[in-house]
Every structure is written in C-alpha cells, then in structure tokens.
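Below is one structure; the comments refer to it alone.
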Amino acid sequence: MGLPNLYFLLLLFSLLSFLQTPTSAAKKPYVVYLGSHSHGSNPTSDDIDRARIRHHEFLGSFLGSVEEAESSIFHSYGRFINGFGAVLEEEHAKQLENHPGVVSVFPDEGAKLHTTRSWDFLGLEKDNFIPPDSAWKKARFGEDVIIANVDSGVWPESKSFADDGMGPIPSKWKGICQNDNYKGVSCNKKLIGIRYINQGTIEELRAKNPDAVIPQNLTTGRDEEGHGTHTLATAGGNFVPNVSVYGSGYGTAKGGSPKARVAAYKVCWKPNENDSCASADILSAYDLAIHDGVDVISASLGSIAREHLKNTIAIGSFHAMMNGIVSVAAAGNSGPDDGSVENVAPWILTVGASTTDREFTSYVTLGNKMVIKGASVSQKGLLNDLDSYPLIGGADARIANVSEIDASECKKGSIDPAKVQGKILICYGARYGDEKGQWAAQAGAVGMILVSSKESGNKVLNMVHHLPTAHLNYTDGESVYAYINSTQNPTASMTNSKTEFNTRPSRMMAFFTSRGPNMIDPAIFKPDVTAPGVDIIAAFTEASGPSPDETHKRRIPYIMMSGTSMSCPHVAGIVGLVKTLHPDWSPAAIKSAIMTTARAEDSSNRPILDQNTGEKATPFAYGAGHVNPNSALDPGLVYDLTFEDYLGYICDRGYNQSTIDLFTAPKKFTCPKSFNLADFNYPSIAVPKLNGTITFTRKVKNVGAANSTYKARTSEITGVSTIVEPSILNFTKYGEEKTFKVAFSVKGDDKPTDYGFWRIGLVRWFS
C-alpha cells in the first residue's frame, strides 16, 4: 500500500508579478479563443465545416467581409476547442477581445522546447530484471494506452517504434498518418499516428518577412531536430537492447509504457528561430489529439507563465481534462530563478527535472599528479588515455589579432592550428561546447578540457562530443589554469569516457529546472513532481547529427539529452501505466496518485539536494517529490477533482458567468456565489499570506482495500501550528469518500526559515 503524501506550503509575503505584452500596430498572428462547441463530444465532418463557416462569418463582421476573414484565418478549431488563429491588426484584436462572445484574444508568442537507466532508477526494473511487483507487470507495460506527443515530430524508422508482436490498433483511434511529399513517413501498429501542424509557424515567418520563401520541410511530420523522437520514445518506446551513445550508457532503451501506442503531433520547426513552436499550432494539436482518441498528452515545451485562458497549453489541457485525458507538461529550464516555473494551470501535471544515479565521466590527471573528475560522452578516446599530452589554454593558442577573451572561449576561427597540434586544448565556457570540440579538432587538438564559466559556477551539463573531452566545473577549471601558469611545459592525460553507476548523492534537483512559486496563482503550488531529466538516453533522428553544426555528418540512432523535456515524458509514461490499470480514474485522480506517492528523499533516504547550491532542495524545485511509479499504482487514497470543480476555480479567477458559458457548452454551469480556494481539492496546499488561522477542507477517496483505516501524521512547521481533524479516517468500501480539515495558525516569532519566508510541512496518511 502506498503512503500518500500531502505537502503544505505557507508564505507570509505575496510574490505576485504582472506581465505586460508588448504591442505592435503591424499585422501578426493571434489566437482567438471562443470556448467550447455546442455540437458535443462526437463532432462530425459537417460539424467541423459549420464551425469553420461560423468563424469566418464572426471575424468577417469585424474585418468587413467574409472574404477578408477567410484570408486572415489560418487555423479553425472546430472539434473540441472553439476558436481560431488569425493574422490581425492590434485594433481588431482589441475589438474582438471586448466582444461578449469571446473568452480571450492573445498574440501568438510561441513556446520553446524544454530541452535507459532512468527506469531502473525508478524501480521498474533491477539490473535489467523486471521484478514481479514492478508497475510494468501490474499495468501490462501500458498495453494499448495511447500517448500523444506535442513536439518536433518523430523519426518513424527508429527501433523504439517498431510494432513487432503488437495486436490490432485500438478501435477508438480516429487519427491519421499524415504523409507528405518531402521525405515521406509511415505508421504502424506501434506508431499509430503522425500529424504536422504548420500554419501558425508559416504566418510567423511571413509576419517577419512578407516575402519569405516557405521551406519544403515545413510539410512533414518527420523529426529533423531529434527532440520529439527522444521524448516520444521516453514516454512509450519499445524495449530495444544493445543501445549506447558511443559506448556510454550501454543497455536496453525503453519508454515508461513500452507497450503503449504512440502518436506524434509536430508543432515545432527548425526554420523557426530556436526551434520555437507557434501557439496557434499547439492549440490545434490539442484539438486534434482529443478528437483522435488519445489517453495522455505529453508536451515538453512551454513559454513564460501567463493567465491560464491566454495560454494555449493551458487551454488545450483544460479541454483534454474535460474529455478524460491527462495532460503532462514540462516545468521549464529557466532555473534556478524563483518564480520561473511554467505550465502552471491546476489541471496540468507539471514536471521538474532531477538526476539519476548514473554519470558519464572522464578523469583528467595533470602533470603535477592532481586528478580531476569531469563529465564526458565522447565519440572517440585518446589513442592512449594513460599518456600525457601537452596542455594549452585557448588564450595562449590564439591567432594574431584575435582577442584573448574570444580565444579563451575557443570561438570559431580564433585558434592557431600550429599552436595546438597534438595538444589538449582548454576552452572556457560551456556554451557551444560540442561545436568548440569540432573547431578544436579541425585545428589539430587531440582532446579538449571544457571549463564552465564563473557565472555557471559548479554546474556541468553533459553533451555528446566529437573530440575526447572532459567538462570541468569552474572551481576545478581554475585549478587547471593555476597549474598551467605554474610550469613552462604543462601536460595532462585524460581517461576515455566511462559510465559510473550508483553514484551519490543521487536524485538531485537539476540546476536548470524551473522553480516555484507559481506567479500566476501562488495558491496553486507548482511544480507538481520531479522525474529523471539529466543525461537521458533515448531514440534520435537520423536527419541531424548530435551537434548543431550542420557540416558534420555523424548520425546516431540514440542520444543523451537533458532538460525538463526529458522528465516530462517519464511522467507521461507513468500516467500510461496508471491509466492502463485504472481506466476509470479521472485525470485528477491519476495526478493525485502520482503526487501523493512521490518522495522527497534521495536514494539514500536523505533529503533531496539541489545541484545549484549543494544544499537541501525545496518543494519549489521538486513539488510533491520524486515520482515513484510502483507506489502510484496503489496510492490508497486519492484527491479527486471534477470538471465542475475546475470551473469553480476559473470563476474565482475573475471570469464572469457569460464567459464561463462560452467554454462549457453544451453543458450549463452556474458560477457559485462564493468559492473558497481553501476547499479546492488539490493534492497540495499553498498559503500566500497567513494571518491568524486558516482552515482547509480536503476530501479523499478510498481506492485501496475496502476495509482500511488511515491515521494522519504532520511534520513540524516552524512558527505554525497544524491540526488535522479528524486525524483518523475509517473506510468500509472501495470508492468511499471522507472529508477532513487542516487548520494552520501562526504561533511564536515568525522568523525567516532556510526557505526564505515560506514554511514547509508535510501531512501523511498512514494505513
């Protein structure tokens, strides 16, 4: 039986900020959100056509003609989400926003991508053996659950998407395999759907340059960047043995739900700056995925947090929730800044990133016998990793007329080949580290020591290198520079890349993972959980190499990546397992099961540490804790929420009854006369400002043994008294619900704690 956890977080000073969107008089893409359709949950092609006509007529009333509207609208959401994407002047956008039939209008500012052993680390297997109590076996490896991935497409030929031994495609599937005239794609009984959505991206390109030539590769679901293939394989890829990245991390690759059916919805495109993804395209992907019959939607992308109904991932996820679909999204890679967490709507399962117990390393031995551990995944090693080679810093190897700063960072064209031939080159700054290795190799270096900048401190992020490389943190790098300056003939040796297991401490919060508090609504605590997101090996595209340098022809079928983009599909895969075993559970119940069984301890049962500080991490980084899939299948109790509960929450956000009516059609919902967020049945509690006493009400549903008793235990919260009533819950049947209250009162002298002005506590129900 799992031990449900419930985190309580209290803040004495509000941390709200208000974001303003810059405006422009020029035409640009907007999203116009009109709510829901009245045609219900089984739209026909005629329903979709009628919705498109209504959109043209509605916008035409503002632009002067239906013809103008037809040329302006590039997306018509006609299935479950009601609205459209259109190229508009700011004046027309403002007029639309003031119309009583419109929920929201916002510019298409896009979203960014948030960029094997991990399943062993999560307890689903042990040394390549699957225990009988593994969630994989209990949940039939996620058999026939359908996972949608909103990302950069898929490489269909990857072995992770082979359909060997799979039965017929589930009859509920309504999706398509959208082929193209570019390079073609094909689906099978594993990869059952591919769609590409590009109209928003095309309009963004045209807004920047009206004469832009639209690239041919904007008409394919094939993944040319690699991100989407990696994330989809992490969520639902098959078992693929004998996988490694240039010999590192050798083992069997697999997804969280290895027997799931998967579908790719491509919304992120290389021609768009920084692989960004148009908001209008993202909303279309959600509308299509809901229509196609998916069970889980995974989105490893996001943008700066904004009001829920002006955010396409939040809107799309809301409609997914209405239709029983769980939406999982990445928390973002903007850490360690406070308040940087993205995808913060309460109906989204928001995931941070943490490490595993596996490291890829190379050891540097300096001529003075000092040994330094570095991070490394290299395509090749030194001819003899025990031999010493001359060592030279980039600044000392510069070409005439190149600044010391540029050369110290080994910028392209800054290094003199005559000075580095046969030597190990030291390059300052990890940015473009993989490309620096290629430039160093072209100059004749035999190896590279990459040193993190002072601003990065002791943060090291692994990447795949062409040249034998050891990536050192700033402190260790300073030791290398000090050694070079102490001798006329500095030398060093470097071991080839090696894989180390069972490293400690393991399960640390990644320095890059975005942190709370939730800046849109601090009373809804985010992120929800954390999962492995550092040095994750999964399938890759064969359209690109592991380096951004397009001149290099390396192609590898599996690659290592880091980011909340990688942790998000881990949780999507776990959702698939829970959904397979409990198909009747609501999205909120599944989310609760994953949150309340998460752990705030590392693999040694000590508090999770933060990579950024080396100190104890906080729930602002890990949420309820690190996911525990074996326990999530049997949480004992769940905190459930209905569609109507979420509507009450939206009413409380300031939307009036007429607006609520727009996106609840064809259902009717009346905003409650009073809504108390303290009674919103979320699996965590946040109090932005505690004065005196505040009482919260929660309701738990028994999903464990029929006859069971739970006792509450609370942790000590500095300066706060916590009382749970009743402290014992007795259940006599499955599905029975019980209500309890938690009262918080200020006591004593409220001095800042280790977490600033927040007070952190825990309530556990023990069976």
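From the backbone N, Cα and C atoms, a Cβ is placed for every residue, glycine too.
Note: TrEMBL annotation is automatic and uncurated.
As annotated by TrEMBL, active site, charge relay system applies to D151 (among others). All protein chains considered, the CB of D151 (active site, charge relay system) has 29 other CB atoms within 10 Å. DSSP classifies D151 (active site, charge relay system) as strand under the three-state reduction.
Annotation source TrEMBL lists active site, charge relay system at H227 (among others). The secondary structure of H227 (active site, charge relay system), as reduced to three states from DSSP, is helical.
Annotation note: S565 (active site, charge relay system) sits in a helical segment as assigned by DSSP. Annotation source TrEMBL lists active site, charge relay system at S565 (among others).
Broken down with DSSP, the domain 'Inhibitor I9' (30-114) shows 34 helix, 27 strand, 24 coil. According to TrEMBL, the domain 'Inhibitor I9' annotation covers 30-114.
Annotated domain 'Peptidase S8/S53' per TrEMBL: 142-625, in sequence order.
According to TrEMBL, the domain 'PA' annotation covers 406-479.
Under the heading signal peptide, TrEMBL lists 1-25.
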Compute the C-alpha separation of S565 (active site, charge relay system) from D151 (active site, charge relay system), stating it in Å without decimals.
10
Its residues classified by DSSP, the domain 'PA' (406-479) shows 24 helix, 17 strand, 33 coil
To the nearest Å, how far is the Cα of H227 (active site, charge relay system) from the Cα of D151 (active site, charge relay system)?
7
I'd like the number of other C-beta atoms within 10 A of the C-beta of H227 (active site, charge relay system), please.
25
I'd like the Cβ neighbour count for S565 (active site, charge relay system), meaning other Cβ atoms within 10 Å of its Cβ, all protein chains included.
30
